[in-house]
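Per TrEMBL, these features apply:
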{"type": "TRANSMEM", "residues": "51-71", "note": "transmembrane segment"}
{"type": "TRANSMEM", "residues": "80-100", "note": "transmembrane segment"}
{"type": "TRANSMEM", "residues": "173-190", "note": "transmembrane segment"}
{"type": "TRANSMEM", "residues": "231-252", "note": "transmembrane segment"}
{"type": "DOMAIN", "residues": "231-420", "note": "domain 'Major facilitator superfamily (MFS) profile'"}
{"type": "TRANSMEM", "residues": "267-289", "note": "transmembrane segment"}
{"type": "TRANSMEM", "residues": "301-319", "note": "transmembrane segment"}
{"type": "TRANSMEM", "residues": "331-351", "note": "transmembrane segment"}
{"type": "TRANSMEM", "residues": "363-384", "note": "transmembrane segment"}
{"type": "TRANSMEM", "residues": "390-409", "note": "transmembrane segment"}
Amino acid sequence: MPSFPEGGSLRRARPLLLSNTLDAGSRQAADLGTDIIAVTVLGASATQMGLLNALGTVAFLVLGIPVGVLVDRSPTVRTLLAAGLTRAGLLSTVVLAWWVGGLTLLHLYAVALLAGVCSVVTETTQTALAPRLVGPERVGPLVARMQSAETVVGLVAPAAAGALAAAAGAGPLLGVAVAVTVCSVVVLGMSRRPRPGGADTGDDGATPAGALRRLFSEAGEGWRALVRDAVLLRLTLAAMLVNLGLAIWSAVEVLVVLRTLGLGAEVLGLIVSAGALGGLLGSLVAVPLGARLGAGPLMRCSLALLAPTAALVLVALAAPGHATPLLLTHAFLWGVLMVTYNVHLAGLVAAQTPASLLGRVSATRRTLTMGIVPAGGLLGGVLADAAGDQATVLAWCLLNAAGAGLAFSRQGGVSRAARR
C-alpha cells in the first residue's frame, strides 16, 4: 500500500508543480518551433503538417492506457526524469540537424512520434505522483494547481515562443525548448522522493503471457472505474466533443485570420496574447469563484458559455469590418472559460478517483480526450475545403453545445460530486 506523508503539505509538491509548469512551457515552444521549421525550412504542405500534428498526439491514443497501468504500479520521479531527458535528447537532434542543414521531414516525423510517447509518460506520471506526495486528502487541490499552471502556460507560451521565433528564428526557439526541458528535469531531481507505493506484481507477471494478462486486467480496472462514475464518464465524453471541435477550429484558425479575413500576422499575435490574458485571469479567479459559487455551478456556467463564445468567430466572418475586436473578445473569453473549467475538472477527477487507480483513470481519460484530436485536425481541413470556413466554425460551435448538454444532462450529479 502507498505510504502518504502525514499532514499532506502542499509544500512538499512544489518541485513537482514547478517542473510540471516548465515541462508544459517547453512542449509548447517545441511544438511551435517544429511547425515553423516544417513550413518555412522544409516547405511542408497542409497534408504533411496534418500528419506531423497527428504523429505528435497519436501516442495518447495507442499507449495512454498501457502507460497508465505501468505508472500506477510504481509512479516514480525516475520515470519523469527519464522521459524528460529523452525528450530533450530528441529535440536536440532536430536542432543539430537544422544547424548543419541536414534536417528532413522524416526526421521531424520520427521526433514528433517519440516525443509524443515521452509526453504520455510524463503527464500520466505527474498525475499519479500527486497523492503520494501530499496524501489523498489534498490531491484535489494539488492537481487543480497543476492543471491551472499548465493551462495558463499553454496559453502564454505560444505568444512568447512566437515572439522569440520572429526575433531569432525557429532553430534557436527549439534550443530554448531543450534548455527549459532540462531545467524541469533538474528541478524535479532536487525534490524529495515519495516512498514507493506501487501495486504488487505477483507471480502472474513472471511470464510474458502472464504479464500481458495482467496488463489487460489492470487496464480494464481503469476503464471500469471511469464507467462506474457516471459524472466522470459524462465529463470525459463531453471533453471529447469539445476537443474535437477545438481541433477542427485549430486546423483553419490561421487560414481564417490571415487569408479569409486578411488581418495580418500582427493581429494573429494579438489574438494569441488576448487568449493568454484570459487564461491568466481564469487561473486567478477559478479557485476563489469556486469557493464562493461552488465548483459544480461554475463548471456548468463555463462549459455552457463555450458555444456562444465560439459563435463570435461566426459573427466576425459575417461582419469582417469588426473582425478584430470580435476575435480578440472571443480569444479572451475562451481563455477565461477553459482555464476555469479545466482547473475544477482536474481537481474533481483527482478527488473522486482512488489513489491506486488515478494513473489508469487519468490515462484512460487522456486516451479518449486526446485521441480524438488528430481526427479533428484532419476533419477540419477537409470540411473547410469542402464546405467553407463558416460551416467549419458552425461545426465547432455545435460540438461545444453538444459537449455542454452531455456533461450536465444531470446537473445535480456534478454539483454533488464537486462538493465531495
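Yeah, the Cβs are placed from backbone N, Cα and C, and that goes for glycine too.
Counting C-beta pairs under 8 angstroms (sequence separation of 6 or more), the transmembrane segment (231-252) fails to reach the transmembrane segment (51-71), with fewer than 3 such pairs. Tertiary neighbourhood of the transmembrane segment (363-384): same-chain residues 46, 50, 53-54, 57-58, 60-61, 64-65, 67-69, 71, 120, 123-124, 219, 222-223, 226, 232, 236-237, 239-240, 243-252, 255, 349, 391-392, 395, selected by CB-CB distance under 8 Å and a gap of 6+ residues from either end.
Taking every listed stretch (80-100, 267-289, 301-319, 390-409) in turn, the largest tally of C-beta pairs under 8 A with the transmembrane segment (331-351) is reached by 267-289. If you average pLDDT over the domain 'Major facilitator superfamily (MFS) profile' (231-420) in this model, you get 83.
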